[in-house]
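Okay, structure first, notes after.
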Amino acid sequence: MDGSHSAALKLQQLPPTSSSSAVSEASFSYKENLIGALLAIFGHLVVSIALNLQKYCHIRLAGSKDPRAYFKTKTWWLGLFLMLLGELGVFASYAFAPLSLIVPLSAVSVIASAIIGIIFIKEKWKPKDFLRRYVLSFVGCGLAVVGTYLLVTFAPNSHEKMTGENVTRHLVSWPFLLYMLVEIILFCLLLYFYKEKNANNIVVILLLVALLGSMTVVTVKAVAGMLVLSIQGNLQLDYPIFYVMFVCMVATAVYQAAFLSQASQMYDSSLIASVGYILSTTIAITAGAIFYLDFIGEDVLHICMFALGCLIAFLGVFLITRNRKKPIPFEPYISMDAMPGMQNMHDKGMTVQPELKASFSYGALENNDNISEIYAPATLPVMQEEHGSRSASGVPYRVLEHTKKE
């Protein structure tokens, strides 16, 4: 009897099994994923509100007689503060959740901009144009929300403390070095075709942006994770890898913004938003999976559902940006009959318009119809003076004297 009682006591004192510890680790990983996802959603939502506030400030100043500059208004400064707050939230989210989860959540900013643009900015629409124009946008918002839910639910649960040793080990690993070699070769080829061959296709430019952006998010996660550990008491700022990652983060972000600016000068913003989101998200998830090993240990079902969430979010963003209004470009128009004393350049009195092929130049004037002939610049006819010699120097134009009628 005593032997059986002692055996029961020993069984009660056994440590918890590995299955219970695995369940607790999975629960902790899901909580960290949820914290990171909420921070990212909050950050993107606040950034969208900030951008629309600043847009509202510019619209209000343009439509009023207020002589103040935009940076002297409280609305613009409130938008700037909210933008910094949102970017800080997105930056902090990388320290809690895997990179593969945070990157696709930028679809939240597209959803918020579509809704705020209609409500806050009061973008007007006619009832007859509602079905044609806005139904697809609302369907896109719904698909993007469904995709975001799938991303959060089936996101990878790989969590690793971003210590200096771990970041250095990932940086010199063979898979990432091979990935870096392929990315550098591809980036150089795209840059060559873009600069030397004038390959101004939007996919070429946004691929350059996406390749730089993948390095930006990899370095952002390392910097954010090391900063959070330092705040918690485990100082990581004395590792040189922290400063290497910080410099790479700033440099890639600056060049990424430069290429985005060039793309915005040639293509519509809605097209840039949809194509850029798809390319940047795909390449960034690939970089995160190689550098941080996000999908190691994940089962096939979770990976497939995560990929399905990405595809649904891609489709939602495409539908949202597909029907945005395209701005009408400014086309300068010159009517030669409006100039007093100037005869029409053409016999039938047709108006002429500047040639707008490469630059805003008035070097040649082109007829309005489809004639391909380009006329020379207009000049005033040279008139010889009646009372002077032909070789006399002076103004080669005849002066017309006007007298007032009493």
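Each residue, glycine too, has its Cβ placed from N, Cα and C.
Residues or ranges marked as N-linked glycosylation site by Swiss-Prot: Asn166. Sequence-distant contacts of Asn166 (N-linked glycosylation site), defined as residues of its own chain at least six apart whose C-beta falls under 8 angstroms from its C-beta, comprise Glu160.
Per Swiss-Prot, phosphoserine is recorded for Ser372, and the stated evidence type is a large-scale study or a structure entry.
If you look up Swiss-Prot, you'll see 33-53 (among others) marked as transmembrane segment, on the strength of sequence analysis.
Residues or ranges marked as transmembrane segment by Swiss-Prot on the basis of sequence analysis: 76-96 (among others). Under 8 Å from some Cβ of the transmembrane segment (76-96) lie the Cβ atoms of residues 32-33, 35-37, 39-40, 42-54, 57, 70, 102, 162, 217, 220-221, 224-225, 227-228, all in the same chain and six or more residues away from its ends.
As annotated by Swiss-Prot, transmembrane segment applies to 101-121 (among others), with the evidence given as sequence analysis. Below 8 angstroms of C-beta separation, residues 33, 36-37, 40-41, 44-45, 47-49, 51-52, 55-56, 59, 90, 93-94, 134, 137, 140-141, 144-145, 147-148, 151-152, 155-156, 217, 221, 273, 277, 280-281, 284-285, 288, 309-310, 313, 316-317, 320-321 of the same chain, each at least six residues beyond the ends of the transmembrane segment (101-121), sit close to that stretch.
Long-range contacts of the transmembrane segment (135-155) within its own chain (CB-CB distance under 8 A, at least 6 residues past either end) are made by residues 33-34, 37, 41, 97-98, 100-101, 104-105, 107-108, 110-111, 114-115, 302, 305-306, 308-323. Positions annotated as transmembrane segment by Swiss-Prot: 135-155 (among others).
Sequence-distant contacts of the transmembrane segment (171-191), counting only residues of its own chain at least 6 positions beyond either end whose CB sits under 8 Å from a CB of the stretch, comprise 204, 207-208, 211-212, 214-215, 241, 286-287, 290-291. Swiss-Prot lists 171-191 (among others) with the feature transmembrane segment, giving sequence analysis as the kind of evidence.
When Cβ-Cβ distances below 8 Å are used as the criterion, the transmembrane segment (202-222) is approached by residues 91, 94-95, 99, 102-103, 162, 167, 183, 186-187, 190-191, 193-194, 241-242, 245-246, 248-249, 252-253, 255-256, 259-260, 262-263, 266-267, 271-272, 275-276, 279-280, 282-284, 286-288, 291-292 of the same chain, each at least six residues removed from its ends. As annotated by Swiss-Prot, transmembrane segment applies to 202-222 (among others).
Sequence-remote contacts of a segment are chain residues at least 6 beyond its ends whose Cβ falls under 8 Å from one of its Cβ atoms, and for the transmembrane segment (240-260) they are 164, 167-168, 171, 205, 208-209, 212-213, 215-216, 219-220, 222-223, 226, 272, 276. Annotated transmembrane segment per Swiss-Prot: 240-260 (among others), in sequence order, evidence recorded as sequence analysis.
Per Swiss-Prot, transmembrane segment is recorded for 271-291 (among others). Proximity of distant same-chain residues to the transmembrane segment (271-291), defined by a Cβ-Cβ separation under 8 Å and at least 6 residues beyond the stretch ends, is recorded for 98-100, 103-104, 106-107, 110, 170-171, 175-176, 179, 202-203, 206-207, 209-211, 213-215, 217-218, 221, 260, 263-264, 310, 313-314, 317-318, 320-322.
Under the heading transmembrane segment, Swiss-Prot lists 300-320 (among others).
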